[in-house]
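One structure is given below, encoded as structure tokens.
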């Protein structure tokens, strides 16, 4: 898989992709992450990527020209499954969406900034608009990092223990069951006996029960679908 991220602040996320699972995925050749500085696609001496909005609205708007140049340059080299725009008013990102996007070969993620992008970009070049939550960030860079991480980590081979990824919260619309490690008794705080029993079937039953109980308590909306 290849993910191309277009941003006005590449330094905000470069370090994120050079450590932990994201670095491992790239070292294994299972994922490529390419970060593109939108200012490299400007043609004026000030390398401006924003301008004042028509209508006298507050804030600044990302310009069409550099964004189109960057996207077109990438599309000239390969086909893309989706051109994604990170925006608070997009479709809510969730685990099923991450699962679906992990099957793609090539993705572009355009990070929003300032007041937003010229809407014509959204009308003519963007294929999918995604939000990671009902709140506003300084820019879409953190949202792009969140999405890339969720997508890449479930590519087969990225995580050594694939069952670990498959049992994460939200994979089956349930929150994950509690997990414990040694010591089994710490200051009287004990691990549930069932987990020490070695009885695989009963442990699985306990795991499902815990997942259901936690979901009912913390995220009952997940059980409404």
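Quick reminder: no glycine exception, Cβ is built from N, Cα and C everywhere.
For residue 135 (S-adenosyl-L-methionine binding site), the same-chain residues that are 6 or more apart in sequence and have a Cβ closer than 8 Å to its Cβ are 88. The feature S-adenosyl-L-methionine binding site is assigned by Swiss-Prot to 112, 132, 133, 134, 135, 136, 137, with sequence analysis given as support.
Same-chain neighbours of the S-adenosyl-L-methionine site beyond 112, 132, 133, 134, 135, 136, 137, judged by a C-beta within 8 angstroms of the site's C-beta center, are, in sequence order, 88, 131, 143. Counting only same-chain residues six or more apart in sequence, the Cβ atoms lying under 8 angstroms from the Cβ of residue 132 (S-adenosyl-L-methionine binding site) belong to 86, 93, 142, 143, 146, 147.
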